[in-house]
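In what follows, a single structure is set out as structure tokens and then discussed.
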Amino acid sequence: MTNQRILSHFHESAELKIQSATVLAPHIAQAIEMMFSALSNGNKILVCGNGGSAADAQHFAAELVGRFERERFPLPAIALTTDTSILTAVANDYSYREIFSKQVQAFGQAGDILLAFSTSGNSANVMAAIEAALEREMRVVALTGKGGGAIGKMLTDADVHICVPHDRTARIQEVHLVTIHCICDGIDVALFGGDVNE
Ligand SMILES: O=C(CO)[C@@H](O)[C@H](O)[C@H](O)[C@H](O)COP(=O)(O)O
Ligand SMILES: [Zn+2]
């Protein structure tokens, strides 16, 4: 019984990944192109999300500033989920809704990219961050699920929407993870070409 449950998690996850690959590949390719071009112009990437998606935001920033699979110079990415003094002050003095948007206003510049994670597409603080980014002429890459929610409706044609075709938060997060690894790999390939062992 327990084993069956475990097996079904693995199967559902694997099946969704296969199914998402075709649907998401063109959007992921667009995100890679947009990020590579921004980084090449001296711009940076700000990243945000709640809960498991906060971990994804930090995971992505770590792979850009540190490394993914290749040795290379550090690339500028900042997770907006890590400074507990900023997060608690803004949540306490203003609202939880503004914890990311205030940081976008503080650090974001035209041409920078906001990478925004929300499995529901409806987290108010992620939406506020997107609003702030668009006001500053930043571009947005949104990783969502569940049809994209309100975030899907806020994005412009200049932005990229990577919407996982599923309704279960855990499954969506699992596809978000492989997506950020695709993006890291794509940026490395754009920088150096070829495969990892070259
Ligand atoms: O990791 C999980 C569930 O798998 C949770 O921590 C989850 O991230 C949190 O409930 C988030 O607050 C959900 O926000 P969102 O993805 O809808 O924007
Ligand atoms: Zn989770």
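Note that Cβ sites are derived from N, Cα and C of the backbone, with glycine treated the same way.
Pulled from TrEMBL, these are the features on record:
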- N50, G51, G52, E63, N92, D93, S118, T119, S120, S123, Q173: substrate binding site (BINDING)
- H59, E63, Q173, H181: Zn(2+) binding site (BINDING)
- 35-197: domain 'SIS' (DOMAIN)
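Locations of recorded TrEMBL features on the structure.
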residue	record	DSSP (3 states)
N50	substrate binding site	coil
H59	Zn(2+) binding site	helix
N92	substrate binding site	helix
S118	substrate binding site	coil
Q173	substrate binding site	helix
H181	Zn(2+) binding site	helix
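With a cut-off of under 6 Å between the Cβ and any atom of ligand 2, the binding-site residues N50, G52, N92, S118 reduce to G52. Among the residues the record lists as binding substrate, namely N50, G51, G52, E63, N92, D93, S118, T119, S120, S123, Q173, the two farthest apart have Cα atoms separated by 32 Å.
Per-residue confidence over the domain 'SIS' (35-197) averages out at a pLDDT of 97.
A separation of roughly 20 Å, to the nearest angstrom, links the Cα atoms of H59 (Zn(2+) binding site) and S120 (substrate binding site). Among the binding-site residues listed (N50, G52, E63, N92, S118, S120), N50, G52, S118, S120 have a CB atom closer than 6 Å to some atom of ligand 1, in sequence order. Each residue contributes its Cα atom, and for H181 (Zn(2+) binding site) and N50 (substrate binding site) those atoms are 19 Å apart.
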